[in-house]
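As recorded in TrEMBL:
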type	residues	note
DOMAIN	9-155	domain 'Phosphomannose isomerase type I catalytic'
BINDING	Q111, H113, E138, H265	Zn(2+) binding site
Amino acid sequence: MTATTPDRVFQLTGSCNNYPWGKKGKDSLAAQLCAQTDKSFQIKDDEFYSEMWFGDYPDFPAKKFDTGEPLKDILEKNKETLLGKKVIQNLDGQLPYLPKILSIAKALPLQIHPNKELATKLHKKDPENFTDPNHKPEIAVALSKFEVFAGWKPLSHIVPLFQLSFLRQFVPAGTTDTWTDATLREITRSLLKAEDGTVQYIAQSLLKTPKEDLGPKNDYIPDLIPRLQDQYGPKDPGTLVALLCMNFMVLQPGDSIYIPADGIHAYLSGDIVECMARSNNVLNAGFCPPADRNSYDLFAETLTFEGHTAADMLLPSNKSEKSKEGRTVVYKPPMSEFDMLKADLGAGESDEIAPSDGPGVLIVTSGQGTMLAGGKTFDLKEGSIFFVAPDTTVVWKTYKGMQIHMAVV
């Protein structure tokens, strides 16, 4: 009996989920894109649609378009062809990344994703809540206006705030005028542990403080307090940590950020392409019900302080060396699991993408066209998702314009 040679390029469908921070009904880009290829998926006007996943992670797996077979099962049977030597030898022999579309109507939990060492310990101790032993650094590429809290403000922007009389209570005893990251860790811990009444008092005090007393880099704080309180109530300590200590960033389509393992963040609004190392581990500390929060001490001890300005969090795009026509850029996060390509093709344009050492997964985020790959021509439309095996050249063409995002190893 001769083994069947697997298709090197094949179409996928994604899986949508329904977290309450997502956009409702047809307002959700995640739902719209999911419905383009999954004919069994019906958008309900009163339902939240937060994410569409299109990797092989079991929570919300991608499936082969024509057969419904889970992507993970296909890869398991054809590792040499579909994953390649690099992934088998160096990246655990499985799809090393997890791509998603997010449609965000209100703040996601204030969170960090544990590093590999901590993830391994948490997975061993509590496998139900920490479902794998991997780290989860991630990137987010904006498809629309995208608001996000990410990383830490410069200490020079934080220290003056805590000289306000009502915030001095959070400064550790014996702190000098020169703060360190250890000072910031303890202040974050104290803010998260603040009593409900204290959280409310601090927020009200900030609203009453003249903007000029907050400093020119913090004048947005009073504008966001009512919005965050409307979403999660006046007692959620995430509001204080995000507004007092973190960068508030407003990105435009094509802008991207990189969140390292243990990097503090909370996405606030917008549509994005997100891609991360293959994991679903998270520690939450705010912008969620108390029952969903992890230990504040564990959260505080896990924090890292790599990003100390908004600019530190940005991940620039550069022309991709894989692009023959120069119409594709690459986002290269400082991690081994993946890069992200973005092709923007105008009417009548095309681009050829050189092969990669590992697998690629692409999604058409707007427009329509065709793809020549693996000796076949495929029709592409908004929402189309395809798996591309290693060592496969792809050529994209469009008559009306098309945008593609593709994770590659």
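Just so you know, glycine gets a Cβ as well, placed from its N, Cα and C.
Keep in mind it's a predicted model, so treat the numbers as computed, not measured.
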Env. residues of Zn(2+) site, Cβ within 8 Å of mean position of Q111, H113, E138, H265 Cβ: I112, K136, I259, G263, I264, M276, V282
DSSP-assigned states of the domain 'Phosphomannose isomerase type I catalytic' (9-155) in counts, ordered helix, strand, coil: 41 helix, 42 strand, 64 coil
Same chain, 6+ residues apart, C-beta under 8 Å of the C-beta of H113 (Zn(2+) binding site), given in sequence order: H135, K136, P137, E138, I259, A261, D262, G263, M276, S279, N281, V282, L283
Intrachain C-beta neighbours of Q111 (Zn(2+) binding site), sequence separation six or more, cut-off 8 angstroms: I264, H265, A266, V282, L283, N284, A285
Average model confidence [pLDDT] within the domain 'Phosphomannose isomerase type I catalytic' (9-155): 94
Packing count at H265 (Zn(2+) binding site) (other Cβ atoms within 10 Å of its Cβ): 24
